[in-house]
Amino acid sequence: MNLVAVGVNHTTADVELRERLAFSTQQAEVALASLREMPGVREAALLSTCNRTELYCLTDDVTPNFAQWLASSRNLSVERLSTVLYQHTGEQALEHMMRVAGGLDSLVLGEPQILGQMREAYARAHEAGLLNGELSRLFQEVFSVAKRIRTETGIGANPVSVAYAAVSFARHIFADLKKSRALLIGAGEMIELVARHLSEQQVQEITIANRTQERASELAAAVGGRGISLEELPVALERADILISCTAAPLPIMGKGMVERALKKRRHRPMFMVDIAVPRDIEPEVGELGDVYLYTVDHLQEAIQENVRSRQQAAQEASELIRDAIVRHRRQRREQDAVKVLRDYREQRKAMAESELEKALQQLRNGGDAEQVLRRFQHSLVNKWLHSPSVTLRKMAADGRAEALLLARELLLDDDQS
């Protein structure tokens, strides 16, 4: 069987294409059911975040056409997808999974959210019955290495994430965040982090809007803000200098008209907006308005780079941990291969011995002389055990394979007793 990692991320595909390839939780469940029926797929998991969509699969020797499957499932042409799709196999696939889980392949180097997202992908696949053996074990290796990266390197010493980058970007736009009012849309982990970072910057006011107002109020209370429902967005928007949105809505929740009306009420005081969501929460046309500065996750790269330098050394240490893990994995796989050979050898020899033993027992039951029966049993068993190795060794000798003969001596003979 073969491990395959295939997908797109923020370095290969722009936000528009990543939107097309994003899977909601419900869509991921449908996709996993489809993968379960795909010929050649033994085990599989699907990871879908703002910045990447990836499949991790254990396949038969012939790798299925995942590009075709992904293109069909998202109504894209294979030609368009093939220009941005990457695929890793074997140890390279495992190393890629470790780099992703450790935050080394993220838009924000070392960001911690990706490990939780990968654990969720693992749990979904397990619940769908698509993790039942080797891939499940490989995921545990990945999680173990990712945990070591978090605890043994300084990659998480300075909190950096897409959420932090969004707030950092706002600091570049506004001279003093203490005089700014912020409106956050959503109530997931990303918005929780944004709220925390804004609170640390002592922003004047934080309002959190969510489909479930109770959840919004709960998050807002932790940072001294207030929670509202999505129905209250138009009014709240009139007060917002900073708007950061990250929901799981399949369609935009804020259009150009809503923002135009808010700007009129604000007497066209500028608004800074960051749309972290994929698919996007804010219609792209909003960015055409003269008093709006709209950014997506793809625009955050410059702000993110400020904190990347401090993590480069930690990233090198993390890469060393991954390389060590791959070496251990390779050694364990080789040991497992040896165990399989020994198991097969033992079963084969056991079958031979049982066959000869049954013959000997039958001879004893028929009144045969015990000593003669045992000697014949010994002679016959040794001959049967040595027949196949003898044929192979003669052929090796005839072919001039001296190294193989030395290896055979090492395997077959105990020199201490020779």
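Count begins at 1; order follows the chain as displayed.
Cβ coordinates are placed from backbone N, Cα and C, and glycine is handled just like the others.
Going by Swiss-Prot, these are the annotated features:
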| type | residues | note |
| --- | --- | --- |
| ACT_SITE | Cys50 | active site, nucleophile |
| BINDING | Thr49, Cys50, Asn51, Arg52, Ser106, Glu111, Pro112, Gln113, Gln117 | substrate binding site |
| BINDING | Gly186, Ala187, Gly188, Glu189, Met190, Ile191 | NADP(+) binding site |
| SITE | His96 | site 'Important for activity' |
Site with most surrounding Cβ atoms, counting all protein chains shown within 10 Å, from the binding-site residues Pro112, Gly188: Pro112
Those recorded positions listed as Cys50, Ala187, and which of them has the most Cβ atoms within 10 Å of its own Cβ: Ala187
For the NADP(+) site built from Gly186, Ala187, Gly188, Glu189, Met190, Ile191, further residues of that chain with CB within 8 A of the site's CB center: Glu192, Leu193, Val194, Leu219, Cys246, Thr247
Inter-residue Cα distance where the pair is the residue listed as 'active site, nucleophile' and Ala187 (NADP(+) binding site), in Å: 16
Long-range Cβ environment of Gly186 (NADP(+) binding site), under 8 Å and at least 6 residues apart: Ile208, Ala209, Asn210, Ser245, Cys246, Thr247, Ala248, Ala277, Asp281
Binding-site residues compared (Ser106, Gln117) - highest count of Cβ atoms within 10 Å: Ser106
Surrounding CB atoms that lie within 10 Å of the CB of Glu189 (NADP(+) binding site), all protein chains: 15
Separation of alpha carbons, His96 (site 'Important for activity') and Asn51 (substrate binding site) (Å): 15
Cβ-centroid neighbourhood (8 Å) of the substrate site, Thr49, Cys50, Asn51, Arg52, Ser106, Glu111, Pro112, Gln113, Gln117 excluded: Gly103, Leu107, Val108, Ile114, Val162
Same chain, 6+ residues apart, C-beta under 8 Å of the C-beta of Met190 (NADP(+) binding site), given in sequence order: Gln113, Ser161, Val162, Ala163, Cys246, Ile276
Alpha-carbon distance [Gln117 (substrate binding site); Gly188 (NADP(+) binding site)] in Å: 12
Number of Cβ atoms other than its own within 10 Å, given for Thr49 (substrate binding site): 23
